[in-house]
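To start, the structure under review is shown below, and the notes come after it.
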Amino acid sequence: MGSLQQQQGGDVAVIPQSWGGGSNRIAALNVEPDTTTPQSFSDNNSKRFNDKHDGPNHDQKPGWRKFLSFIGPGFLVSLAYLDPGNLETDLQAGASHGYELLWVVLIGLVFALIIQSLAANLGVSTGKHLSELCKAEYPRMVKYCLWILAEIVVIAADIPEVIGTAFGLNILFNIPVWVGVLLTGLSTLLLLGLQRYGVRKLEMLIAVLVFVMAGCFFGEMSYVKPPASGVVKGMFVPKLNGQGATGDAIALLGALVMPHNLFLHSALVLSRKVPNSVRGVNDACRYFLIESGIALFVAFLINVAVVSVSAAVCTADNISSANQKRCNDLNLNSASFLLQNVLGKSSKALYAVALLASGQSSTITGTYAGQFIMQGFLNLKMKKWVRNIMTRCIAITPSLVVSIIGGSQGAGRLIIIASMILSFELPFALIPLLKFSSSSTKMGPYKNSIIIIVISWILGIGIIGINVYYLITSFVDWLIHNDVPKVGNVFIGIIVFPLMAIYIIAVIYLTFRKDIVVTYVEPQKDEAADTQVV
């Protein structure tokens, strides 16, 4: 291992001997005192990489035993892909468009696997999570803007949980939806009370309940027998036919690829001990990829089952008039009839319990994500129950107003709007992740390969492009066809079009801004060199 030799004739630090075997690594490093890498990075990273092995035979464990020690973060994150927002968008996609939007589910979860693995690799390789890297890299104003947007994401992700829990209470106890919305604050306290018995036990209980619901949809799927040709065609032949198809596709994508999950996954992997070695980092990245792949494949199957059941029931030739009416106004509160063939009269109760479990499982991921976001951007720690109640109180406000005015139908539509907000917010977490994970200043030799860079950026730019196109065309169409007086349209245009321009400029800024701050800490070349100083 070569020693670090700084040449301060410019703003770079040249490292002539890299761990890989003699090739030079040049990293952009601002050497001025007020903009150098924060001290917390060196301290935290040193602590992270100096963790000792679990024992002298740590790397002699069988492969499957080592893999089991890394299981957890991917499955916890995957619970967010089965939240009420996903169920709502899946149900409406199937009822309104049949199998035609299954390709969005496929692309969304393939893309989710790519970016979740990148988030995990970022945490393993740097010892810091995404929000901490954003704080170190970006100027103060940009950092605070990204923090505000990330907090909006957490709140938007919590709205479906609020409404889903309210629907579950409505089905079980026949109370009004708006009352159920208010009671979701108490469900937060109940959740935190159960955490006293151990987070892992609570996660297992919720996962069992969610998979019970998944089993119900799989059973119903075997009963209604959706045509295999329709399902396969829907997965591999992209279509956006019919009224509202583009908006529903964006909402479906927003429910599948959630920005706060990127912050969460990059932080959760830090809970696992990774040996201070090249092999240790590589093994950890591989195990987290396998775990995420398994978890997201299960989530993919469940989402496909929900869409297929909704499509098979609502597009059947012999559908009854009562079911047709339900399909035309399908939401989480009325979807239990889809399971009647399998569960009979007990379908409503079991569906409601699973819906409650789905909402509460997502509350866990939202709470942890919000905690890591606040800690990373502001270096501010808050007790989980305070953080949870604060986020929930903010999310309750729009849910309560909409449920009072629009009832269950309006509340169901709010879930779609929240999912669209998540989709529009995606660039402000996705672009920093793609740039950091492809940068030698952040990842060193673990930066993405050319193939991963090309694939991830193509998918990312495609999603961002669809969002921008839909945002502009939908607003212009609304301006043309609404009943607002012309003066009002002019006033609205003066406000909205500059906001659109700011959105596009912000995306371009994040995309083309060059990384400056070095946060990568070089690991040892092999396990025998655990005590060697780099």
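Just so you know, glycine gets a Cβ as well, placed from its N, Cα and C.
Those TrEMBL annotations? Automatic predictions, nothing curated.
The model shown is predicted, which means the values in this text are computed figures rather than measured ones.
Sequence annotations record features per position, and here TrEMBL assigns compositional bias 'Polar residues' to 33-44.
Positions annotated as compositional bias 'Basic and acidic residues' by TrEMBL: 45-60.
As annotated by TrEMBL, region 'Disordered' applies to 1-60.
Marked as transmembrane segment by TrEMBL: 67-82 (among others).
Only residues 6 or more beyond the boundaries of the transmembrane segment (102-124), in the same chain, are considered here, and those with a CB under 8 A from a CB of the stretch are 73-74, 77, 81, 90, 93, 130, 133, 231, 234-239, 249, 252-253, 256-257, 261-263, 265-270, 274, 281, 284-285, 288-289, 292-293, 296, 299-300, 303-304, 307-308, 430, 433-434, 436-437, 442-443, 446, 448, 452, 455-456, 459, 463. Sequence annotations record features per position, and here TrEMBL assigns transmembrane segment to 102-124 (among others).
Residues or ranges marked as transmembrane segment by TrEMBL: 144-169 (among others).
The transmembrane segment annotation in TrEMBL covers 175-192 (among others).
Annotated transmembrane segment per TrEMBL: 204-224 (among others), in sequence order.
Annotated transmembrane segment per TrEMBL: 244-264 (among others), in sequence order.
If you look at the transmembrane segment (285-313), the same-chain residues 6 or more away from its ends with a CB under 8 A from one of its CBs are 66-67, 70-75, 77-78, 81-82, 86-87, 90-95, 97-99, 101-102, 105-106, 109, 112-113, 116-117, 120-121, 124-125, 214, 217-218, 220-221, 224-226, 230-231, 235, 256, 265, 269, 319, 323, 327, 330, 335, 338, 446. Among the features that TrEMBL reports, transmembrane segment is placed at 285-313 (among others).
Look at TrEMBL and you will find 349-369 (among others) tagged as transmembrane segment.
The transmembrane segment annotation in TrEMBL covers 389-408 (among others).
The feature transmembrane segment is assigned by TrEMBL to 414-434 (among others).
Tertiary proximity for the transmembrane segment (446-470) is limited to same-chain residues at least six positions away from its ends with a CB under 8 Å from its CB atoms, namely 107, 111, 114-115, 118, 121, 125, 246-247, 249-250, 253, 257, 281, 285, 423-424, 426-427, 430-431, 434, 437-440, 503-504, 507. According to TrEMBL, the feature transmembrane segment maps to 446-470 (among others).
Per TrEMBL, the feature transmembrane segment maps to 490-512 (among others).
Simply put, out of 144-169, 244-264, 349-369, 389-408, 414-434, 349-369 has the most Cβ pairs sitting under 8 Å from the transmembrane segment (67-82). Of the candidate ranges 144-169, 389-408, 414-434, 414-434 has the most C-beta pairs within less than 8 angstroms of the transmembrane segment (244-264). Only residues 6 or more beyond the boundaries of the transmembrane segment (389-408), in the same chain, are considered here, and those with a CB under 8 A from a CB of the stretch are 154-155, 158-159, 161-163, 166-167, 170, 176-178, 181-182, 184-185, 188-189, 331, 333-334, 363, 366-367, 370, 382, 414. Cβ atoms under 8 Å from those of the transmembrane segment (414-434) belong to residues 84-85, 88-89, 92, 115, 118-119, 122, 130, 133-134, 137, 146, 149-150, 152-153, 156-157, 159-160, 163-164, 247-248, 250-255, 257-260, 262-263, 266, 331-332, 398-399, 402, 406, 453, 456-457, 460, 463-464, 467, 471, 503, 506-507, 510-511 of the same chain, restricted to positions at least 6 beyond its ends.
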